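Here is what TrEMBL records for this protein:
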TRANSMEM  90-110  transmembrane segment
TRANSMEM  373-395  transmembrane segment
TRANSMEM  439-466  transmembrane segment
TRANSMEM  472-494  transmembrane segment
TRANSMEM  514-534  transmembrane segment
TRANSMEM  546-567  transmembrane segment
TRANSMEM  596-622  transmembrane segment
TRANSMEM  628-651  transmembrane segment
TRANSMEM  663-688  transmembrane segment
TRANSMEM  700-733  transmembrane segment
């Protein structure tokens, strides 16, 4: 969150500064007198900015705090020292240009949205997202249940591509909040519940569906105790079923606590310059723009039985007498036919020291940082172990053999060739064309595309650009990156095809196959899952219009870029093999165990690097938790790339040493086989960690999405392993002298 805080505060501070006094003549001084005036102005201006930044970020001087100064504090101290003590013009100019840049480009706020300040009694309406459940994973519309509807009807908020694919449906709601006005409000009373409504409410209650409310882009949060441990949830339940009871009770009374932070923005005013030509700048009457920012949104849900005849006398937003949450079930609102349910809520505004840039910290807390570090340490040990093996291969085996081989004269080499064993015997077969070369090239192209998408997305997310406040932004960014990286996929696939075949003939077919292979697999799986979601009337079903949008994006962006990349691949210089390939393939000696056993077993090493982070990712997806430790994920991704490369090189060398020259596909699946363990782990997670998941529909959805993830991981890791092994083999045999 540190990156987000810095960017937001700098942007907000820069917007409050008055730059009107810096005229062209002052910015470009013509005389010594103008230059002195300008320098004095900038000295004072930079000092004001440093002070404003300290106030915005809540940073004191480094010497006034018992805690060690952070990097941002040290930076501000250094600037202030240069400005006030050394009066260095270059530092001032650089800082001044930084502020001008922030002013000119309007800045950007992280995470997600611009800050809103509200005056007292300002009306703010909450929004509602789809109802969600960790038991079914089928989202439904909020207004599919008999809730109070807003004046003017239900209006959907604009949704981006990622939100639609995730099943989000954000609508307006009748819940009104007036800034700093504590009140107890009546909302509405429903008509007598029909049999269908009762059945639906009971089903949603027993499936543990949650209502997801949003205020000023903050999801509502609920605190609960489970086994003596405080648990934090987003949303509140539709209803509850007491233990040892067959009756269900609806949540119809909400106690909201809205945390607000009082914001005061101050500008500076520049006063005249004086006849002596000396710049006089003072902090005059500050123009204060006060307001309140929403920094927290908490709810306590409860069920209260009202007298419907008395409640119907009220109108919407009428004030009522506050009520306490009853502990007696007789005073709670039961779900039953012909029952009329009255909805009410209480709002309390509480001032908080939490600043607006830090308001998401409560949602993004992820326990178990030590577990992440243990995972990284475990991966580093695996990398060191494999790196030691590769080091031994290169220095003790390969280099020694090559040195002996090159020091002999031709007659001795000819005699030695008759006695050779191991990888040197397959010199005439090692670059023989693999089985199904077209499929291999297509999978490598798609692997390059997926790997590039993953790396760029995680890097941007690690630096704070993929915010949970911008719902669907992560998925939207991944899709757009995948589409535009089609050029890299086409180039890699066609260049490998040209290298294997020695000609670029057929590159168009390769490019079209690359553009269609992985998207086609995803399209088939999503279509099957979508029919299931349509049958369940879930908002998670992809609309037909979105299908056409995705198809248009694929056809208009991905396909042309893939063909362009393929064309560039044909014009790139083909990689020349260092040795000639014999016409007759060499016989491969028989072995006790099939080579595929070793290849599939090799996937356990990359999986050991990945599986702990995979647990947190699956928990965030299927248990409704926020995942925001992208820094850890970036480190794990880099370690995974290294492990995949090392495993593939070691396995390739082992196969060449036993005179097995069919290394292409084995190098691909040596690291790509990690996807098998990922899918098996997903099944294990379904059985042991998602025990609450109920029904075959939910299980099919889970397995379908897990299959897409496993295929993407296979293509990515397999591509890393194959390309690394190819350059290893090319380097190895380019060092051998062959007549």
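Even glycines carry a Cβ here, placed using N, Cα and C.
With a threshold of 8 Å between CB atoms, the same-chain residues lying at least 6 positions outside the transmembrane segment (373-395) that come near it are 605, 608-609, 612-613, 632, 635-636, 639-640, 642-643, 646-647, 649-650, 653. Among the listed stretches 514-534, 596-622, 628-651, the one sharing the most Cβ pairs under 8 Å with the transmembrane segment (439-466) is 628-651. Looking at which of 514-534, 628-651, 663-688, 700-733 has the most CB pairs under 8 Å to the transmembrane segment (596-622), the answer is the stretch 663-688.
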